[in-house]
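Working notes, structure below.
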Amino acid sequence: MYIYILIILASFLYGIFLFLKDSRNFFAGILLTFGSLGFLFLLVMYLSDRFDTIRLLSIFAVYAVIPLSIIGIGFFLIKNGYIMKHKEGRRLANLLSLILGVNILLIVSLSLLLIFHGSKLNTYAYATILTIILLAIYFGFLFFSYLVYSYAYQMLPVNKNLDYVIVLGSGLIGDKVPPLLKSRLDKGIEIYSQQLSKGNHTKIVVSGGQGSDEIIPEAVAMKKYLVSQDIPELDILVEDKSTTTYENMKFSKSIMDNISKSFSCIFVSNNYHVFRASIYARKAGLKANGVGAPTAFYFLPSALIREYIAIIMLYKKINLLVIAFILLIVSYSFVPFLYTL
């Protein structure tokens, strides 16, 4: 038991260290989530040994609340997938919640098969199902860590005095700002106005280049919108070359560096995109945290799944090593010929 306590404590403390060093570090979120869940588990175990009510509640949670919640999430995601398909079209990105929901129910079914009929399966079938479940647990934990930490990250206080507010671009409709981008710009205007009321001479940096299907750069359309909202042109800086989030950060930093080597700034994106954008800000050497603009609720599940997949791909080498480790452990445990190695 003591070794588990030490592992949990070490994970939590190192997570705090990474967070204090740079809150945009995803590993900090993983370690803090693992440590918090570990402490919660130890607390429940401790209380269960001393109070019968806690023991009964924990048993009920493990065998009823958690499984039913997982199944409920699966059905919710499937329903959301159909809503997305109806409102946004049949593109793969709009079907992610549907796909995840189906996979969750599939994993639950495989888990029940293993629990109640595992003894009837041959070795290879058992090993295959176990591997799928272990991989689902691993990526499920990472997804949970991402959701918790990305939400907590957006609760961090904003700098009191800002020199710049960077608003990240997104797709246009013709030369017009669509609702998703409008929400980012409105959030930027809100922060800009708050800074002006404090006597700060804050400027807004609109960042977004011209996509292959766009008739003008996103930053140009964003500037037009800001001007229509009575933002002075002199307070708007245009970065119209970027085509990726990393370039948004890199090129915006270059513009601000050319004005002053020392400045304070934040960036604005939609709430589902803020944490991944913060990772790119870190990679670009830009000291900036993010603020999230609101997003339609029905759009959030698929958007969050898409962001999570993108973050997993950022750390694909580490994830491939973990996958290989899981495959090795299961293979060594179940495939007879490996015992002879």
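Backbone N, Cα and C define each Cβ position, glycine as well.
Keep in mind that what you see is a predicted model, and the values were worked out from it rather than measured.
Record features (TrEMBL):
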- 163-310: domain 'DUF218' (DOMAIN)
- 5-20: transmembrane segment (TRANSMEM)
- 27-48: transmembrane segment (TRANSMEM)
- 54-78: transmembrane segment (TRANSMEM)
- 98-118: transmembrane segment (TRANSMEM)
- 124-149: transmembrane segment (TRANSMEM)
- 318-339: transmembrane segment (TRANSMEM)
Distal contacts, the transmembrane segment (5-20) - CB-CB under 8 A, six or more residues away: 27-32, 34-36, 38-39, 42
Helix, strand and coil residues within the domain 'DUF218' (163-310) as assigned by DSSP: 72 helix, 28 strand, 48 coil
Average model confidence [pLDDT] within the domain 'DUF218' (163-310): 94
